[in-house]
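Have a look at the structure below, then the notes.
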Amino acid sequence: MATAAPTREMVAGAPDAPAAAAAPDLGSLLEEMCFPGVNRDGPALRGAKVTIVGCGSVGMACANAILSAGMASTMVFADVDQKKVKGEVMDFVHGGAFLHANIKAAEPNYDGSEGSDIVVITAGARQRPGESRLALVSRNAAIFKSILPPIVQRSPDTLLLIVSNPVDILTSIAARMSGLPPGRVFGSGTYLDSSRLRVALASELAVSPQSVHAIILGEHGDSSVAVSSVANVAGARFSDIRMSDAQWAELHGRVIGAAATVIALKGYTNWGVGAAVGALVGYILRDEKRVVPVSVTAKGTYGIEEDVYLSLPSVLGRGGVERVVRVPLSEAEQGKLRASARSLAEVAATVDL
């Protein structure tokens, strides 16, 4: 006669089987991948009010990218040139049937910017042909002294996105002047540089830039670090496809010189950085948790001892920079990143606040 299959009741007295090992908590694994020290969560966004400080070519390119994507319900323009502000507001308002946003001008004292969720600062002296970003620091630091106190007074819970150059040093200055917590003040940094690198690599390989995964870290400028060790196309690393160090250095050199080339041709850059800033604002407003290279406080990461801001891979969401991801850099890349930090610290030390 066939034996009945054992039921749960029939084996109740049997010795317990060894418990299966608990699955690792993926949230804790992510924490292990990140550097400590930045705020993980920020205040929930009350709405989508964005203020653009600086109505020059860069500021308006940023505004156009944000408005065209429908990411802000209210946008405020602020600039010392009130005539320019009035004209830009009027020009955008004429497209109100397509932009679906309330666009208005701030007063000279920044009244009207109250309650901004994000303040994008593009104001500053324009980079001259042949002038390095670091040479701009003294002129633009003085401008920040007049901008930041009234802005933060009117929007104490805002996120500050610094675009003005030299962006790393000015982001550090903005963090000190504003008194806002770490993570709520950050710069556009090397996000555009990383796009330029991806475009250059894509052109060489005849693929879409969206299929190329590569980042530039460090200074938004001459001491930036193009990270070859993790660059890849669909998982195929460039280090595995016989790209030589000389070829990589040549591509990186093209990226470093890209802005100067555009400035020599048209006098300024604006559309690329506008697209980059528009993307960053979108990641925040949609709380995407996108990992992007932006300028953040870097002390304590990769052996950096200086109190500087430079671009590191950061998780960007509604709280601003919520984490800094510990990307496995080679020893050579870490050394270059530390050298970039020292270079920025030397220039920052010359700024009188």
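Positions of Cβ are set from backbone N, Cα and C atoms, glycine also.
Predicted automatically and left uncurated, TrEMBL annotations should be read as such.
Note that this is a predicted model, so its numbers are computed, not measured.
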Which candidate from ASP79, ASP117 does TrEMBL annotate alongside GLY54, CYS55, GLY56, SER57, VAL58, GLY59, ASN140, VAL163, SER164, ASN165 at the NAD(+) binding site? ASP79
Distance [Cα-Cα, Å, rounded] between ASN165 (NAD(+) binding site) and HIS220 (active site, proton acceptor): 9
VAL58 (NAD(+) binding site) to HIS220 (active site, proton acceptor): how many Å between their Cα atoms? 16
Spacing of the two Cα atoms, ASP79 (NAD(+) binding site) and HIS220 (active site, proton acceptor), in whole angstrom, works out to 25
Span of the NAD(+) site, taken as the largest CA to CA distance across GLY54, CYS55, GLY56, SER57, VAL58, GLY59, ASP79, ASN140, VAL163, SER164, ASN165 (Å, rounded to a whole number): 17
Per DSSP, what is the helix/strand/coil residue tally across the domain 'Lactate/malate dehydrogenase N-terminal' (49-187)? 62 helix, 25 strand, 52 coil
Counting only residues 6+ away in sequence within the same chain, which have a CB under 8 Å from the CB of GLY56 (NAD(+) binding site)? ASP79, THR122, ALA123, ARG126
